Amino acid sequence: MNDLLTIGDKTFRSRLFTGTGKFPNASVMQKALIESGSELSTMALKRVEVNNPEDNILKPIVDAGINLLPNTSGAKNAREAIFAAQLAREALGTNWLKLEIHPDPKYLMPDPIETLTAAEELVKQGFIVLPYCHADPVLCKRLEEVGCAAVMPLGAPIGSNKGIVSRDFLEIIIDQARVPVVVDAGIGAPSHAALAMELGADAVLVNTAIAAARNPIAMATAFKLAVQSGRLAYENGLAAVNTQAVASSPLTAFLD
């Protein structure tokens, strides 16, 4: 499909973004990411040995030609996130950043106040900011207004695999957004990814559902196809939902 997605200064053919955690080893991770067709993969800066060019996490992604999206996972407030972002830019040579601030280690819920504060400052510093946030239409609009290149509202809590629990709010976010909407977190099955795309999301980010699968490489293929299918359905107009039956082949004229 010739259906390109532009975020910031990059254009993507694939609308499936990926994570790098929880894979059994670097080789499986690389093969799965390649099979997924993903062109953007996120990783926590805390997992990268920035002074080691042969880093076991970094090298497979670079060798596969996939764009890096460092994230600030582990940051508990705006100050820590800004510091991590500056380190990532210096070490990895990219101004792209997935902004994550979740002070509660149990539920990993993003802190909306600290996220907005950090986003505003990071945009001023020249970062291309993609903030992970609650599926809050007001917050997403504020993040857009301070200059974020996209918003990344959650479908469900990180790693929960519950799917698109926040559907009603995602629909509002998608409707009013003037920047790309990437549904992030909670996507546990290819059908969840397809649904997000059918709703009009511009992309999805998937990690656990691929990495923790019995066969991550095959699951990556399943997600690739699901995202393509959901996007194609959205682009071509899903049939309207009705509250009563509508015959597909009415016999009225025939019987008359």
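Numbering starts at 1 and runs along the chain as displayed.
Yeah, the Cβs are placed from backbone N, Cα and C, and that goes for glycine too.
Listed in sequence order, Thr42, Leu69, Pro70, Asn71, Thr72, Leu130, Pro131, Tyr132, Met152 are the same-chain residues at least 6 apart in sequence whose CB falls under 8 Å from the CB of Lys98 (active site, schiff-base intermediate with DXP). Summarising the annotation, Swiss-Prot assigns active site, schiff-base intermediate with DXP to Lys98 and lists sequence analysis as the type of evidence.
Sequence-distant contacts of Gly159 (1-deoxy-D-xylulose 5-phosphate binding site), defined by Cβ-Cβ distance under 8 angstroms and a gap of at least six in the same chain, are Leu108, Ala185, Gly186, Thr208. The 1-deoxy-D-xylulose 5-phosphate binding site annotation in Swiss-Prot covers Gly159, Ala185, Gly186, Asn207, Thr208, and the record cites sequence analysis as its basis.
Taking the mean position of the Cβ atoms of Gly159, Ala185, Gly186, Asn207, Thr208 as the 1-deoxy-D-xylulose 5-phosphate site, the remaining same-chain residues with a Cβ inside 8 Å of that point are Gly19, Ala156, Pro157, Ile158, Ser160, Asn161, Asp184, Ile187, Gly188, Val206, Ala209. Its Cβ placed at the centre, Thr208 (1-deoxy-D-xylulose 5-phosphate binding site) has 18 other Cβ atoms within 10 Å.
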